[in-house]
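Novice: In case it helps, TrEMBL gives these features for our protein:
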REPEAT    9-43  repeat 'PPR'
REPEAT    44-78  repeat 'PPR'
REPEAT    79-113  repeat 'PPR'
REPEAT    114-148  repeat 'PPR'
REPEAT    149-183  repeat 'PPR'
REPEAT    184-218  repeat 'PPR'
REPEAT    219-253  repeat 'PPR'
REPEAT    254-288  repeat 'PPR'
REPEAT    289-323  repeat 'PPR'
REPEAT    324-358  repeat 'PPR'
REPEAT    359-393  repeat 'PPR'
């Protein structure tokens, strides 16, 4: 525009600055504001708010606060949006105290908070687990003349569900219904998670079915909560049926979906059955993680099947999955217990060479193995190494079986 002799207006600059911030070029946007200031171009709150929002959204509300202060020091008054952006940013980062301080400052400057402002603080309080204060704040929203919406109710319901206070969550749901506000997928997801968390699968299933009857398709996360609930109750058959149903409905299972089932099957000493799920996962382009491999290895180890455990270890290495300290510890223990101390010690050294620190269980397994094989020199050497590494020996370390 400038090359053809047309000077952009502040509105045009504002739109451009906002566009830069939207694509993550916040520093470029800020440099442009500084250049406009040097050129004597009048600026407005809209330009600054774009940068404040970009920084707060990026998880840097402190930097946003500096821009906010520079704006005010330059004689540009902050508006409700300026404050709301920062309040949301600080609350999201866990600094609810700063959010409340800014809210108070709004009142002192006669700026009326919006429902979004109230909701941001409500969410921050709930995330911090301050449910009593959250409930008082929720009442404050109504007292300020705003009508409660689904979003405000969901924030509070989710907070109580995370805490496991399902009585309070249920009371809010009833109040929500009495105010002619129907639950949405967020409401159902929170309630299902909450009831699964406290082990009340029956109630979780009631809301899961209600959700579907209301015409909402559950997300993979919601389905995973129910599958995890089934597995905790030992209802693996039902969990597998739900996975099949997910596929029929076009809901893609993920790593966590299968992880819960594999974990339960291994706990029930059905590691072979759990292993059968790996090809099913691969067919869906879901690649098992180190946690899933470790769970299977542990399952076979507990069934005194070191051959299968080692086979899985070899397989995970072939597909490029690096074992973690849990994987090594399981294998070291099963080999040492089975009298294969040399193999166990090779894994122990391999573990250290990969930068993984052996823990109390790893050391104790090796010490016990060397004691059983009458190699007391090696056992004593590992014991000293363990103590020098500030790993406190247990009774089992001193008195191996």
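Any Cβ shown, glycine's included, is placed from N, Cα and C.
Nobody curates TrEMBL annotations by hand; they come from automatic prediction.
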Novice: Are there residues at least 6 beyond the ends of the repeat 'PPR' (114-148) whose Cβ is under 8 Å from a Cβ of it, and what are they?
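Specialist: Counting only partners 6 or more residues beyond its ends, the repeat 'PPR' (114-148) has Cβ contacts under 8 Å with 80, 83-84, 87-88, 90-92, 94, 96, 99-100, 103, 106, 155-156, 158-160, 162-163, 165, 168, 176, 179, 181.
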Novice: Could you pull out which residues elsewhere in the chain have a CB under 8 Å from any CB of the repeat 'PPR' (149-183), counting only those six or more residues past its ends?
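Specialist: Those are 115, 118-119, 122-123, 125-127, 129, 131, 134-135, 138, 141, 190-191, 193-195, 197-198, 200, 203, 210-211, 214, in sequence order.
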Novice: List, by number or range, the same-chain residues at least 6 past the repeat 'PPR' (9-43) whose CB is under 8 A from its CB atoms?
Specialist: 1, 50-51, 53-55, 58, 67, 74, 76
Novice: What mean pLDDT score does the repeat 'PPR' (79-113) have in the model?
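Specialist: Summing pLDDT over the repeat 'PPR' (79-113) and dividing by its length gives 95.
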